[in-house]
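All remarks here apply to the structure that follows.
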Amino acid sequence: MIPVRCFSCGKVISSVWEEYRERIKSEPPGKVMDDLGIERYCCRRMLLSHVEVVEMLRRYQ
């Protein structure tokens, strides 16, 4: 689950998550974030460091 907003500045980042996730498979993450308009380093951090915890927790159900 991606957070809806950046923890630091409050900008909505969930709207770009799906496109970001698909595009980083074939393009550098920095270029993708530039194209999507994610310029603040705090918002970039949110996308770069996100770990899909739900997938890891499913193993333990």
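For all residues, glycine too, the Cβ spot is worked out from N, Cα and C.
The Zn(2+) binding site annotation in Swiss-Prot covers CYS6, CYS9, CYS42, CYS43, and the record cites sequence analysis as its basis. A helical conformation is recorded for CYS43 (Zn(2+) binding site) in the three-state DSSP classification.
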Apart from CYS6, CYS9, CYS42, CYS43, which residues in this chain have a Cβ no more than 8 Å from the mean position of the Cβ atoms of those residues at the Zn(2+) site?
ARG5, PHE7, SER8, GLY10, LYS11, ILE13, ARG40, TYR41, ARG44, ARG45, MET46
Given a 10 Å Cβ-Cβ cut-off, pick out the one of the binding-site residues CYS6, CYS9, CYS42, CYS43 that has the most other Cβ atoms nearby.
CYS43
